[in-house]
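Structure first, commentary second.
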Amino acid sequence: MRSRVPLQILLYAAVIRSLKVVSKRGSVDGCTDWSVDYLRYRVLLGEPVRIKCALFYGYIRANYTHAQSAGLSLMWYRSATHTDHEEPITLDGTRTLKEEDALWFRPAQLQDSGHYSCVLRNSSYCMKVSMALTVAENSSGLCYNSKMRRLEKAELSKSKDILCPDIQDYTPAGSEPHVTWYKECRPKQWRSSIIRTADLLSIRDVREDDIGNYTCEIQFGRFLVRRTTELTVTAPLTDKPPKILQPPEHKLSVMELQLGGPVNLTCRAFFGYSGDVSPLIYWMKGEKFIEDLDETRIRESEIKMVREHLGEQEVSVSLTIDSLQEEDLGNYSCYVENGHGRRHAIIQLSRRELMYTVELAGGLGAILLMLIFLVSLYKCYRIELMLFYRNHFGSEDVDGENKDYDAYVSYTKVDPDQWSQETREEEHFALEILPDMLEKHYGYKLFIPDRDLIPTGTYIEDVARCVDQSKRLIIVMTPNYVVRRGWSIFELETRLRNMLVSGEIKVILIECSDLRGIMNYQEVEALKHTIKLLTVIRWPGPGSSKPNSRFWKQLQYEMPFRRPEPKLSHEQVLDASEQGPFGELQTVSALSMVSATSTAMATAHPDLRSGFHNTYNTQLRQKHYYRGYEYDIPSSGTLPPLATMGSQHTYCNIPMSLLNGQRPPGQPAHGQQQSLEEQQVNNALLPLLPRETSISSVIW
């Protein structure tokens, strides 16, 4: 019994002497605290885990058996963090249990995460250390937690071994573990160059498609234990210095720049794979680093990653000069280096003398191109541009203010028995389309002989008078017009011929079809050379009936400019009670109506003539919105005897009873009304005088 006590004392002393100091955190209540051990336990939810007391694996030179023989006790405590209050662990013997110097969780749960301290002590000695445990769930849709993977790197075309780590606690001693390997959580048909032995996966020739996550799985009782390794593949380690891509490495680059302008220099380089070493690239001016220069105008940018593949990198760095000065001129060098060497490229900045040759040529070229563009635009859209200018900034024709009509329309009617499809279209154009468009759409006032001419003298004199009162002469040139020589009337009358030759009136010649094969066409060409102010416009056909067609724009351009007149109010138009005996002749022009009325009233009764003349002439002068006329009817005298009207032409369908100043039989007395139907029954047609039948009026 006496020999046993000294033996225990010697064993206890040996244990105490075998303690080694690693990194003491401190001593609290006489217990040496080694803080948290570097080995951290990380396990997935539902997997078993064994936490071993680190005191026996690096802090003391004794194992659990020796410590227990020396009378030291091992106790376990848990805390949420290392600084929190520690509490004793309740061991249930089933899920949580103690096994010699280790603590088992079968399986681990999320609430088991924390710090576990093992304390080795007796009445006179105390030492402890903490181990961290993390329990986590699998990432969504995966068989591992992405934060618990081991990282491994492999070089392209070389071999690599992937170990299934930390599985010795789950393998019986003396036996090899049975490991199943997965890639990206799925079974894989491994190629022949990949060999599996026990807990090792060996890749003999690493390829780029070997990049991925490798999971090893072993069976431990009723539990599964998984370990995942992320493999990244890199290019082989380089043994060469970086390569400068821009500017050229073996050539001096000269840049001629103007002073005062900004400058930006860029250096690009290629770095082979050098492990975890960052690329080194920078600018220097002469022998000085850019950051050592006193100028704030000159600065260097951060290194920019252009691209990266398998660890090989292409990077760039920029040098910026806000405003180039004389002292900034010189050599700027871009340097690149790694563990195998350094290279550089030089850019020389020099001042550029001002040369205006290129600038002058460019300016003249731009002006020439602009001039060509404007000329082409004017050629293509001359009429549209002139109409736009005239409508917005033009003024009305002052020289034509004393003329009553904007245009006189000359046209040859076609006999109905000679009509064809072409002549019908020409007749429709001349009688309907042309007047309607010019009068109703554009607001022009036309003189159309068949509609507006009432004879006051010979036919030629009437035509000359009406043409003289018009600003333009529109000749609708049709084959029938050429055959009948419709222009002869303008050659027979001296006044008309002088107007055409002297340019007193502008002529608009509208060709409705091809006239070159028509008889008398040579005379048409001679007529064109005779007219001083002539514009020839071709009518394309019914397809150009829209107002925005080229034909109507050109015709509007040749017509005199006039601004749209405001619509007449009710007071400006004669009502039925104020229109007098000519109320039903609203389509007859004022000038023609006055002439016809004066001729008719000359043969009427003197009293009737006097009363009607005074009343109607006053009303016409005051209320008609075109113009007023003063016309004195002779107190005596008669018109020449009227001849019987032939079947050639009717100037205007005017009741003879009104033109002669007579009342039809049975008409009420003065001041009384007669129905329109009764008046029309007794209407007669105005016959032509003998002198007016000398020239056919088929041609207007």
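Each Cβ is built from the backbone N, Cα and C atoms, and glycine gets one as well.
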Selected from Cys143, Cys164, Cys267: Swiss-Prot disulphide partner of Cys216: Cys164
Residue among Cys31, Cys53, Cys185 that, according to Swiss-Prot, closes a disulfide with Cys118: Cys53
Per Swiss-Prot, cysteine bonded by disulfide to Cys334 (from Cys267, Cys466): Cys267
Listed in sequence order, residues with CB under 8 A of Cys53 (disulfide bond) and six or more positions away: Tyr64, Leu74, Asp101, Ala102, Leu103, Cys118, Leu120, Val129, Met131
Asn138 (N-linked glycosylation site): secondary structure state under DSSP, collapsed to three categories: coil
Residues near Asn63 (N-linked glycosylation site) in space but at least six apart in sequence (CB under 8 A): Phe56, Asp101
Proximal residue to Asn138 (N-linked glycosylation site) among recorded positions Asn122, Cys164, Asn213 (C-alpha distance): Asn213
Set of same-chain residues at least 6 away whose C-beta sits under 8 angstroms from Asn213 (N-linked glycosylation site): Tyr144, Arg149, Lys183, Glu184, Cys185, Thr228, Thr229, Glu230, Leu231
Asn122 (N-linked glycosylation site) CB neighbourhood, other CB atoms within 10 A: 12
Candidate with sparsest Cβ neighbourhood (10 Å radius) among Asn264, Asn331, the listed glycosylation sites: Asn264
Between Cys164 (disulfide bond) and Asn264 (N-linked glycosylation site): CA-CA distance (Å): 53
